Amino acid sequence: MKLIILDRDGVINQDSDAYIKSLDEWIPLPGSIDAIARLSKAGWTVAVATNQSGIGRGYYDEATLQAMHDRLRQLVAEQGGKVDLIRYCPHAPDAGCDCRKPLPGLFRQIADDLGQPLDGVPTVGDSLRDLEAGCAVGCTPYLVRTGKGANAEHKTLPAGTRVFDDLAAVVDHLLEA
Ligand SMILES: O=P(O)(O)OC[C@@H](O)[C@H]1O[C@@H](OP(=O)(O)O)[C@@H](O)[C@@H](O)[C@@H]1O
Ligand SMILES: [Mg+2]
Ligand SMILES: [Zn+2]
């Protein structure tokens, strides 16, 4: 199975330090929807692993989050692709859960859901914690410069991290191989 695991905010859609609190604030980044559709049409299984502490903090609710994910799925479907799986951590940092990145709980959920080990599976994030979570379960890390990625690029990244301008550039790379 060709599988990829994507971070959401700052990779698929614009991010904000004030959180993405409504459907109106959920704005796809240029080229991201097309990139997901291109992967999907090339036979890749596309999963999303996202921290959504704004729920635990009371900034928005699960129904609002679902509306954002319905919009994502709709836009990708309009391009002939599919988002196969979305797993999110709704917890606030002090909840002590095992699914808030950089912990790998979301990735383990995806592996269990798909019955697929994650060794070598590419994961794309804009924050160090995204990459740390994926690397903890054997993923191959890709950092994008969108969202918080331009800042993260100057941190100490997991060994082997490849850096690209955006998701579209990562997908160009993966599909040329
Ligand atoms: O990048 P992903 O994982 O898809 O989602 C990140 C968001 O849930 C939010 O995560 C928050 O981090 P804290 O949860 O407050 O540490 C902040 O970084 C916000 O700016 C950001 O919108
Ligand atoms: Mg992010
Ligand atoms: Zn959690």
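Heads up, residue numbers simply count up from 1 along the chain you see.
Quick reminder: no glycine exception, Cβ is built from N, Cα and C everywhere.
Among the candidates D113, D119, D126, the residue that TrEMBL names alongside D7, D9 for the Mg(2+) site is D126. Using a 10 Å Cα-Cα cut-off around T50 (site 'Stabilizes the phosphoryl group'), the recorded positions H91, C97, K101, D126 reduce to K101. Among the recorded positions D7, C89, H91, C97, R100, K101, the ones whose Cα sits within 10 Å of the Cα of D126 (Mg(2+) binding site) are D7, in sequence order. All protein chains included, H91 (Zn(2+) binding site) registers 19 other Cβ atoms within 10 Å of its own Cβ. Highlighted in sequence order, R8, G10, V11, I12, D15, T50, G125, S127, D130, T146, G147, K148, G149 have their Cβ within 8 Å of the centre of the Cβ atoms of D7, D9, D126, the residues recorded for Mg(2+), and are not part of that set.
The recorded positions near ligand 3, defined by a Cβ under 6 Å from one of its atoms, are C89, H91, C97, C99, chosen from D9, C89, H91, C97, C99, K101.
Just so you know, of the binding-site residues C89, C99, the Cβ with the fewest other Cβ atoms around it within 10 Å is the one at C99.
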